[in-house]
Amino acid sequence: MGKNLTIVMLVFVSMAGWMFGADTGSIGGITNMRDFQSRFADRYNPVTDSYSYSSARQGLITGMVNVGSFFGCFLSSPLMDRIGKRTSIMFWTIVYLIGIILQVTAVPSWVQIMVAKIWTGLSIGALSVLAPGFQSEVAPADLRGTIVTTYQLAVTGGIFIAACINMGTHKLHKTAQWRVSMGINLLWGIITFIGISFLPESPRYLISVGRDEEALQIMAKNNDLPIEHEVIQTEYHVIKSDCEAELAGGPATWPEIFGPDIRYRTFLGLGVMSLQQLTGDNYYFYYGFEVFEGTGMNSPYLSALILDAVNFGCTFGGLFVLEFFGRRMPLIIGALWQSITFFIYAAVGNRALTRKNGTSNHRAGAVMIVFSCLFIFSFAQTWGPAAYVIVGESYPIRYRSKCAAVATTGNWLWGFLISFFTPFITNSIGFKYGYIFAACNLCAACIIFLFAHETKGLTLEEINELYISGAKPWMPRPKNLGNFTKQQEEVREKSRGVQGESAAHLENVDGEEGIEDSSNDISSTTSSDGRAKPESSYHDQEEQFA
């Protein structure tokens, strides 16, 4: 039962990312379809019989989904605290379906497209907080990175399939060109809604609202063990103790997430999600058609499809990279790699792409596409998935929904700014734009080195202890962390030979001792008010980051 639940979670929770990717991947091609342009573009050239957009209109049509997503992040927090993540995902999926219907039924007014994009963005923003958070809470510590990475894998899968659909529909007649491409997104929303309806709620959420019996049943099913087993009981008591300590002060308020107890991680998450956009990935995904058309390629649709295929294929590597190499080093090395690729891309585009006679140098264009793919090769395995992993696992349960919402707004805010202003910037400085992204990637590498801890293999409770400890991110992890994880692994090894037996035949004496020992460990690291004792003050570290 446990393996089946994990597979279902991977498929259906990650479908929220697929919905986002499908919208992102389709809009670049749709805005260049003849029928769509004839209805929504604001410029017409009778000599060439062609349509085009002003920079402002193109930026608004492409970027307003990010504005909706920005507000969707904030709206997700109070709802998930009240009804849980699972039900919230179902609610926002319905909002997404309504948004797609508004897009497909648009009349010849670009304003309806813009409003529909904002509405759709509300759901995409909320789901970008809910889905990785749900996966982080349900997944076992040793698989959490892989499971959360499937969200980004689904995003890239949605982008790739949307590019394939655009490739097949752009030669259709009239509104079918773009309405089929938009309308197919209804299918992804329906699949997500049906799949999520069969999933259990997060055990941590259930424990936090006093539904302990339900939480125990779900934890037992997830691990293929009876409720009485020492692994389940040990994990339950640790989560229960952690929830009681964190919730002792009542629900967190918005000002509290910027207070001394948590602001370091609030700004870290905000920074990581902002930098994910500032790496420059959506420069290719939103405007890939225009980018490759500018290199002189005969079929920009095909060129964009190749880039999306590289993105999707390389994200599979991220499933293993983050578990084998952790979070810090892939992010640092990835940012440095991406900086180099953008620098070369910009240099070739600026100096070699256009000949003196005004024609395109196709060899230079090919080099630019190669380095675009090399950028995606890195991003898809590092910054694409790792940013969601860090945000999903960094916050205590009392602050988690609000901190994750604030962090994710950074992604959507910069997504809008990049998508809206890119037409203006490229019209002004052309491919020199790449130098800006090269510099941003260098900054990203420095920020990760200075402020992000390595959290590979730790439970969510241990990650909280790590940040409280005051340890420097670039120093070795404190030795007193990881005891609970090691204890779990030892118990799991012993339990493999008895998983198929009846619970009546299990010996729980050692389990009770394990629980008592775990409780003692917890009490030794908590103060009289139930909060964790820091080994040293970390306020100085927070002030440095803030």
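Glycine too: its Cβ is placed from the backbone N, Cα and C atoms.
Annotated compositional bias 'Basic and acidic residues' per Swiss-Prot: 487-496 (among others), in sequence order.
Annotated compositional bias 'Low complexity' per Swiss-Prot: 520-529, in sequence order.
Annotated compositional bias 'Basic and acidic residues' per Swiss-Prot: 530-546 (among others), in sequence order.
According to Swiss-Prot, the N-linked glycosylation site annotation covers Asn357, on the basis of sequence analysis. Secondary structure at Asn357 (N-linked glycosylation site), as computed by DSSP, is coil.
The phosphoserine annotation in Swiss-Prot covers Ser528 (among others).
For Ser537 (among others), the entry in Swiss-Prot reads phosphoserine.
Annotated topological domain 'Cytoplasmic' per Swiss-Prot: 1-9 (among others), in sequence order, evidence recorded as sequence analysis.
Here the topological domain 'Extracellular' (31-58) returns a mean pLDDT of 89 for the predicted model. Summarising the annotation, Swiss-Prot assigns topological domain 'Extracellular' to 31-58 (among others) and lists sequence analysis as the type of evidence.
Annotated topological domain 'Cytoplasmic' per Swiss-Prot: 80-87 (among others), in sequence order.
The topological domain 'Extracellular' annotation in Swiss-Prot covers 109-112 (among others), and the record cites sequence analysis as its basis. Residue counts of the topological domain 'Extracellular' (109-112) by helix, strand and coil are 3 helix, 0 strand, 1 coil (DSSP-based).
The topological domain 'Cytoplasmic' annotation in Swiss-Prot covers 134-144 (among others), and the record cites sequence analysis as its basis.
The annotation topological domain 'Extracellular' is assigned in Swiss-Prot to 166-179 (among others) on the grounds of sequence analysis.
Summarising the annotation, Swiss-Prot assigns topological domain 'Cytoplasmic' to 201-266 (among others).
Look at Swiss-Prot and you will find 286-301 (among others) tagged as topological domain 'Extracellular'.
Sequence-remote contacts of a segment are chain residues at least 6 beyond its ends whose Cβ falls under 8 Å from one of its Cβ atoms, and for the topological domain 'Cytoplasmic' (323-328) they are 142-143, 145-146, 386, 389-390, 448-449, 452-456, 473. Marked as topological domain 'Cytoplasmic' by Swiss-Prot on the basis of sequence analysis: 323-328 (among others).
Summarising the annotation, Swiss-Prot assigns topological domain 'Extracellular' to 350-363 (among others) and lists sequence analysis as the type of evidence.
Packing against the topological domain 'Cytoplasmic' (134-144) from elsewhere in the chain are residues 6, 9, 13-14, 85-86, 89, 150-151, 200, 202-205, 222-223, 323, 389, 392-393, 457-460, 462, 485, 488: each is 6 or more residues past its ends and has a CB under 8 Å from a CB in it. The stretch from 10-30, 145-165, 302-322 with the most CB pairs below 8 A to the transmembrane segment (180-200) is 10-30.
The listed stretches are 59-79, 145-165, 267-285, 302-322, 405-425; of these, 267-285 has the most Cβ pairs under 8 Å to the transmembrane segment (329-349). For the topological domain 'Cytoplasmic' (201-266), the number of residues in each DSSP class (helix H, G, I; strand E, B; coil) is 46 helix, 0 strand, 20 coil. Among the stretches 10-30, 113-133, 267-285, 405-425, the one making the largest number of Cβ pairs under 8 Å with the transmembrane segment (59-79) is 113-133.
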